[in-house]
């Protein structure tokens, strides 16, 4: 009678173990075994983090083992069990069966061996059937739903507990936004201010009451230099929203600025038009905010938005500085162009309005839409169309870890009606919905391809714009990811025809296009992929967006937004319509009140924290791949990333403002916060 040694590994996360009865059946080319109870007398099996081995003897020869079936049956109380993997030592072989899934209730799961296979590689009926059934089950579990009209579709789940267990957080308490924000304010010693809505600060120094306990190197420098034009300009390159600035190739008619207005700022004895031709003028246009409804959820506090246009100049030191700001889109007598030569407080308030507008675009478009929602689309499509045995599922699953869960929690607590977002933000109460609906029309595939996005904004010349660290580091990380995906693609797809004939891949890409991009041709998202090169690029987009791009725009929020005047989440007075009337008192009364300041500070602190046991780029502790060539590619990937870490660390030495958001040792694998 054939005998097998079965080793079962239980996950190490909280509540991963089980006391339920676990049964195993083996399915082979010559037949199926009876189910065997995996149990040792006087031994606590399947404990959290444990590895348990069992000898299983079957009555008849099973032939080549294709599948392992695991069944969980109730002992006393039901407890979920997280199965990492099973290994099987046969008389002639050693087989690994990756799982990395939860088995809930009186559930069962059927596992294939860990060798990645395309659908064309499965010639055995039972394996084809298993592949088809897995996708049929997943497509019932992972359903598309419209969160808001015009948005990319999301997961069909009203709350976190409605999600499939495999994509829920290990501990829901750890991602409770209400609890985390309250904890943040308690830890930051600012909870005494959190209910003081409508109560203004006295002056800029008064903001230090909620700042001094929590400052760090960058936030301290922001506090000390936020009023300076150099600091203002620097943030467009290396702050937490470094994706808006672009080279100005033609002065827009809606910004009627002249050489005479800005000649004091121009250092090359050239006219403004000549500076434009020389490539020294840059622009940031917040047109998307024009006409967006401001938050009206608090009848006691009027809140306001603007849609500024900011003109910037590259001076002789190659630094970017502002030279003209118009606070709304339509030029006119009541919409003056503010200049550095205006009174101190006129110019300062104009810059504050730009910073506030930048905050809104950053939170809702750069961060929410272009990383969170896009990554959720990739994740849902992956689960619906790629079986666990598919090499691209094995590649991508680490990069959508907890993404659907964090977005569901955000819809449940943060971005919902009367949620936390409404408490402090001028775009709460529905404005953020309008913003996403507009921005989706400009969401393109090429804008997610990092090198193309940089080039499209005219920001690709490293000698011409030498201090754009977001660009420099991003390109290094992009190239490392693309090199890795190219290797993986070449292992499983020997030529372009194999790519084109992989129907599961094509269904994945089509799902993203149809449901994520709502079938919008102008998005430029492919409906199909027909070459290895394009597949590598597509996979790079998925991984880069979920990891590097999210890290670049998320984890600097506390650094750049904790000093409230530098990133006001709301403004309590409308933009000035004339020059020479702004006072310091007016600025302070325009800035957020104490309560909203505290909620904002708690938010940017909580959102800037890494998860406990964070997995950073290149870390793949779940061994979905078992083949040697892919494992070797992973090792090379990690070495490339380590080299980038060293390059960035060397550049940052002795810098007063180090840029480290795209250092791979600070880039989580996925959008999970």
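Each Cβ is built from the backbone N, Cα and C atoms, and glycine gets one as well.
Copied from Swiss-Prot, the annotated features are:
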type: DOMAIN; residues: 2-117; note: domain 'PLAT'
type: BINDING; residues: 17, 79, 80; note: Ca(2+) 1 binding site
type: BINDING; residues: 18, 19, 44, 45, 47; note: Ca(2+) 2 binding site
type: SITE; residues: 103; note: site 'Essential for stabilizing binding to COTL1'
type: DOMAIN; residues: 118-673; note: domain 'Lipoxygenase'
type: MOD_RES; residues: 271; note: phosphoserine
type: BINDING; residues: 367, 372, 550, 554, 673; note: Fe cation binding site
type: MOD_RES; residues: 523; note: phosphoserine
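Around the Cβ of residue 271 (phosphoserine), the same chain contributes 259, each under 8 angstroms and 6 or more positions distant in sequence. A Cβ within 8 Å of the Cβ centre of 367, 372, 550, 554, 673, the residues given for Fe cation, is found for these other residues of the same chain: 368, 371, 553, 607, 671.
If you take the CA of residue 79 (Ca(2+) 1 binding site) and look 10 A around it, you hit none of the binding-site residues from 44, 45, 47, 550. The recorded positions listed here (80, 367, 372, 523, 673) include 80 as those with a Cα within 10 A of the Cα of residue 18 (Ca(2+) 2 binding site). It is 33 Å from the Cα atom of residue 550 (Fe cation binding site) to that of residue 17 (Ca(2+) 1 binding site).
Comparing the Cα of residue 523 (phosphoserine) with the Cα of every entry in 17, 47, 372, 554, these being the binding-site residues, the smallest distance points to 372. Confidence across the domain 'Lipoxygenase' (118-673), taken as the mean pLDDT and rounded to a whole number, stands at 93. Note on proximity: of the recorded positions 103, 367, 372, 673, the one nearest residue 19 (Ca(2+) 2 binding site) is 103, by Cα distance.
Nearest neighbour of residue 44 (Ca(2+) 2 binding site) by Cα distance, taken over the binding-site residues 17, 372, 554: 17. Listed in sequence order, the residues of the same chain lying 6 or more apart from residue 367 (Fe cation binding site) and placing their CB within less than 8 Å of its CB are 550, 553, 554. Each residue in the domain 'PLAT' (2-117) gets a DSSP state, and the totals come to 0 helix, 60 strand, 56 coil.
If you draw a 10 Å sphere around the CB of residue 44 (Ca(2+) 2 binding site), it holds 10 other CB atoms from the protein chains shown. Of the chain residues outside the Ca(2+) 1 site list 17, 79, 80, 15, 16, 18, 19, 20, 81, 82 have their Cβ within 8 Å of the site's Cβ mean position. For the recorded site, residue 554 (Fe cation binding site), the DSSP three-state label reads helix.
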